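> Residues or ranges marked as region 'Domain I, interacts with DnaA modulators' by Swiss-Prot on the basis of sequence analysis: 1-68. Here Swiss-Prot flags 68-102 as region 'Domain II'. Per Swiss-Prot, the feature region 'Domain III, AAA+ region' maps to 103-321; the stated evidence is sequence analysis. Annotation source Swiss-Prot lists ATP binding site at G151, G153, K154, T155, citing sequence analysis. The region 'Domain IV, binds dsDNA' feature in Swiss-Prot is assigned to 322-460; the stated evidence is sequence analysis.
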Amino acid sequence: MRAWEDFLLLQEKEIGTSTVDKWLRSLKVLCFDACNLYLEAKDSFQVTWFEEHIRHKVKTSLVNNNGKLIRVHITSLDKTAPFYKEKQIQQEKTAYFTMQYGNVNPEMTFGNFLVTPENDLPFRILQEFTKPAEDTAGFPFNPIYLFGPEGSGKTHLMQAAVNALREFGGKILYVASDLFTEHLVSAIRSGEMQRFRSFYRNVDALFIEDIEVFSGKGATQEEFFHTFNSLQTEGKLIVISSAYAPADLKAMEERLISRFEWGVAVPIHPLTKEGLRSFLMHQAEQLSVRIEDTALDFLIHALSSNVKTLIDALKLLSKRVAYKKLAQQLLYEDDIQTLLHDVLEVAESVRLTPSGIVRAVAKYYGVSPESILGRSQSREYVLPRQVSMYLCRQKLSLSYVRIGDVFSRDHSTVISSIRAISQKVEEGGDDISIATQELMKSLTSAYKSLEFFPEEEISC
């Protein structure tokens with residue numbers, strides 16, 4: 001249809017041909033009448049991108065020959081079947097979407113949270129303010145905003161607070177930020193915004209993780225702003241987590257940042273290496289396992305310093321030591337490799353490495369790992385190469401020199417490449433920023449898959 005093609009040409013001038021080709025021209029036109037255009041996306045992520053970046057534009061720029069605005073209806077292949085009849089399209093327009101709570105692990109409690117000098121303050125704050133209120137004055141610090149790097153214990157503390165509050169009844173909503181966005185997009189598509197707002201605002205407390213996911217997402221930020229105001233006005237508890245302090249959030253509306261700072265913003269830091277070793281040595285003693293210092297260091301490294309995984313490994317080690325009648329024997333690195341060989345093999349298979357990052361980026365962009373590591377200066381390969389370097393820096397904390405060794409580049413090239421991607425990520429909103437965010441999420445999911453122990457073996 002001519003109106004849609006004219007709109008795409010206009011967008012090429014505004015956001016670039018490559019972005020239009022990837023996100024808009026790949027949309028399939030299912031049906032068109034004088035005032036309605038029905039599109040099909042390849043997946044829900046493409047729908048989300050459309051809602052965040054294009055929806056507001058079609059509302060003002062997509063018109064028919066009579067100058068009337070054309071309404072765009074978009075569905076995705078991974079959630080709906082193809083539509084060939086107008087009746088089926090109408091059914092999709094009015095479909096009732098699913099709202100669900102985020103998953104909360106009942107084993108994550110305040111009682112089994114490892115309290116250290118690095119996390120004592122956020123622990124005490126959340127524990128105090130998740131007790132049942134004795135009056136109706138609400139919470140003296142609202143919202144509670146936790147920020148710190150991956151592995152610092154934010155998720156455990158958040159879920160411990162949710163579990164504590166649910167013991168006293170009430171409606172406690174816990175969601176990740178990407179689930180909030182997914183719910184919003186579904187509500188917009190199906191015309192169920194009133195239901196969406198009721199779901200998020202008729203609660204006694206809202207816990208939302210990884211708020212930085214909202215960066216660059218105007219529609220999501222707008223809706224969360226009103227959700228926040230509604231809950232705040234009614235004195236409902238709001239707890240937010242992020243990798244960044246409020247002032248360090250990029251592509252986030254100032255009015256939201258201001259509200260995040262209304263209550264208390266508390267940093268939370270991961271365990272120091274010495275603190276982790278001391279804690280694990282104490283755990284081993286409690287389990288009647290004697291482990292030599294360098295053997296413990298080996299285990300910490302092998303299991304990527306994941307506290308929960310390390311505790312489970314010690315429990316499993318205790319059972320196997322007892323079974324083999326090795327109690328009170330000092331265990332060395334060779335003993336650990338023998339007794340936990342199956343665990344270590346799985347851990348190695350999911351360990352995040354530079355080559356693993358390159359493979360993930362290659363798969364995302366549809367190129368080969370060899371082309372990313374090669375010498376070609378074609379943009380088709382340069383961009384994935386730069387993203388790979390950026391992720392190696394962010395996820396593995398590799399030095400510029402080490403990254404240069406991996407990609408056979410000098411460190412100045414590495415620095416400029418990483419800076420280029422960092423700038424795009426900070427600005428937010430474009431396809432490079434979105435791709436990097438998706439890759440970070442998928443790599444984090446793979447890392448978290450270290451939790452692989454059979455429950456019947458480690459329960460004590």
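Keep in mind that glycine also has a Cβ here, set from the backbone N, Cα and C atoms.
How about a rundown of where these features are and what they're close to?
Shown for the region 'Domain I, interacts with DnaA modulators' (1-68): DSSP residue counts in helix, strand and coil, namely 38 helix, 12 strand, 18 coil.
Under a cutoff of 8 A between CB atoms, and with a sequence separation of 6+ in the same chain, the neighbours of K154 (ATP binding site) are L146, F147, G148, E209, S241, I268.
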> Using the structure shown, find which entry in G151, G153 (the binding-site residues) has the sparsest Cβ neighbourhood within 10 Å.
G151
> So around the ATP site, G151, G153, K154, T155 aside, which residues have their CB within 8 A of the centroid of those CB atoms?
G148, E150, S152, H156, L157, I268, P270
> Tell me the coarse DSSP state (helix, strand, coil) of T155 (ATP binding site).
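Its secondary structure by DSSP: helix.
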> I'd like the per-state residue tally for the region 'Domain IV, binds dsDNA' (322-460) from DSSP, helix first, then strand, then coil.
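Split into helix, strand and coil, the region 'Domain IV, binds dsDNA' (322-460) gives 101 helix, 2 strand, 36 coil.
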> Other than its own, how many Cβ atoms are within 10 Å of the Cβ belonging to T155 (ATP binding site)?
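Result for T155 (ATP binding site): 19 neighbouring Cβ atoms inside 10 Å.
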